[in-house]
Ligand SMILES: Nc1ncnc2c1ncn2[C@@H]1O[C@H](COP(=O)(O)OP(=O)(O)O)[C@@H](O)[C@H]1O
Ligand SMILES: [Mg+2]
């Protein structure tokens, strides 16, 4: 298992390396090593390629781990920040900042967005309490509807304040604009992802349900609150920097769960590596498919995602029945 | 000692536990019997702080379960509920190992692992230890849950219809195991059983509930009479003495 994980990390590192040297401007490894690379190539590497690659890794692992946390806490395979209204709520928070306190530093913006994201999740939990759930698929359906409602409000307000352009810019995961100085907040997401790993057992126990968790002496509500707060903050950091790529938080956790189960102490590293690898790969595809143009990674995932998701729903469905 | 004092619980207008006062002494095996809807599961869950009571208190070794920190109670008392739907995909060994969570908080020691392997062996799960829960039959899954609860190694063990889904052999083996735990290790075992003959054969004490109230409590010999049983369950019983045990039949 350890060996396999090491191999997976290695494979992801290779993807990351490729990501550093693929793009419109030529940056060649041999030139860099020989010290003959042009200053311009060096600048592209340091100011654009490295930030982009690092952002892909941090956002990919963070969003995948968020998906797992949400799925364990809500005991539903089909929720993640993008199907629970969390992302839309975070964006709504961003809009509020843009309107009422545009001068805030990025960290403060992120915290406001996180507070809104948490509130959005909380509203979903309240709604779910009122609805008798006959099938697990109903949960993300309600989440998506909640997200749509928040999104409608967001667009309406943005239109009123003439901010539609800025709002649309955060709609989809796009890493082509990641530059030095604009992505560093993702390190906060990374720190929180590590924190989630430290508390992994709590989330696994919470995933057994309230009765089991209480019997084992876990403070269920506190574990839930901790998990959802982590999710809200990671989601917010991703929303304020690069935008959330849909489906990432569904595909990777479900795939890991199908193969390796849900003992998070063991599987979270896989989820994190898988998220980073998938996002790196999709970003590369987006960059290579029609050069010199780029397809945003969110669009690439938007094509692969639904297919993979459908496949997973069918597999899961067969298992449950 | 488990002391249940004036515990009541209503859902809407229905009183499902109606002013129950009950003492369960330390050590020994107590069975809770009664018809469906009598309030047995609710009472057991209240005693294990899984459901809050509307009024009344429950204390375990003098600790009020509603106030004692949950993790402290978890090292003293373990409960398995009647219906368990686990969506998390764990393999049997990992699930059982989480029974050690109150002691190890997720950092299992060598001693914890010994407990896990022993619990697996008790429940005849050695061959299934690496299977995921969703790849087991209902009875196998029930055994995994019981093993997890045993693995918690608490003085008090509360099991709500543990024989559900178990085949006869595993049912009898479980009852023998619990009997030994009570006699040899001094554990306090409280079971909800739907089969009065299992209750009669293995218990020190039988408590019968009906409509949210305790209607009878006593040794198997005292409780297992045709009149008592038909009063509790509302149908006709014959009681025979076979190999020194009181056995009820209810087919006539
Ligand atoms: N969560 C609940 N909401 C409403 N009614 C409930 C709930 N749980 C139990 N009941 C009702 O309380 C009564 C007692 O249930 P329970 O304690 O499970 O009985 P038993 O275990 O003796 O069969 C039943 O009539 C049941 O319908
Ligand atoms: Mg019951």
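Cβ from N, Cα, C; glycine included.
TrEMBL annotations: computationally assigned, not manually curated.
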Annotated stretch (transmembrane segment, per TrEMBL) among the listed ranges A:137-159, A:160-182: A:137-159
Given ranges A:185-203, A:204-222, the stretch to which TrEMBL attaches the annotation transmembrane segment: A:185-203
Per TrEMBL record, range annotated transmembrane segment [choices A:33-53, A:54-74]: A:54-74
Feature transmembrane segment in TrEMBL, mapped to one of the ranges A:2-32, A:95-125: A:95-125
Annotated stretches the transmembrane segment (A:295-314) and the transmembrane segment (A:95-125) touching (3 or more Cβ pairs under 8 Å): no
Range from A:54-74, A:95-125, A:185-203, A:268-289 with most C-beta pairs under 8 A to the transmembrane segment (A:223-256): A:54-74
Long-range environment of the transmembrane segment (A:95-125) - Cβ separation under 8 angstroms, sequence gap at least 6: 74, 81, 84-89, 142-143, 146-147, 150, 154, 157-158, 161, 163, 166-167, 185, 188, 228-229, 231-233, 235-237, 239-240
